[in-house]
Amino acid sequence: MKGSHLFLCLFSMSCWLNLMPTAGNKIFHFGPCRISMSMTEIRSGFTAIKANIQARDPIRTLSILSHPHSLHKVKSSDRCCITHHLFNFYMDKVFKHCKTEDSYVNRKISSIANSFLSVKRKLEQCHKQSKCMCGQESAEKFKQILANYEGLNVTSAAIKSLGELDILLDWMEKSR
């Protein structure tokens, strides 16, 4: 009898700790999906390399993420879907093609990519549980982002997308 109470207590404590965000993490609500992530870690990594990355961007007149209406006015129900697509986009297209001759910058990019990978996995779980529904609007917005990206050569598009990471982070924080 005592063993079952102890087990129940330990099990309850374990569940509670798993639900608590770790130090520096915030809970983000993307529609019905709740994701814990360290925005501070991502922002500090990006801030350390932002000037360097943006200086490498040869095309200042075009934006990939802030094209009119790309991320503006996304319905709450579509936030999970577009966030899922954007994290896949950054993992599959952006981070793979952002290599510099500066090892410090490369380490920071790798650190940001690792943080994105962790969030991407959590978003995939929501997507697999059918919590992350994709509507027409989110599909259209993401197609516009892809069209903007694919209009440039791979390296320039990756550098530009990384340089615009603050646009994505600001949007995510506003949607909390």
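All residue numbers here begin at 1 and follow the chain in the order shown.
The backbone N, Cα and C atoms fix where each Cβ goes, and this holds for glycine too.
Heads up, TrEMBL stuff is auto-annotated, nobody curated it.
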Open item on the list: In TrEMBL's disulfide listing, C33 is paired with one of C98, C126. Which one?
Closed with: C126
- [ ] With C81 as one half of a disulfide in TrEMBL, pick the other half from C98, C134.
- [x] C134
Task: Disulphide partner cysteine [TrEMBL] for C132, chosen from C80, C98 - done: C80
Task: Distance, C132 (disulfide bond) to C81 (disulfide bond) (CA atoms, angstrom) - done: 5
Task: Neighbourhood of C80 (disulfide bond) by C-beta distance under 8 A, where only residues 6 or more apart in the same chain count - done: F30, G31, P32, C33, L123, C126, H127, K131, C132, M133
Open item on the list: Applying a 10 Å Cβ distance cut-off over all chains shown, what neighbour count does C132 (disulfide bond) have?
Closed with: 25
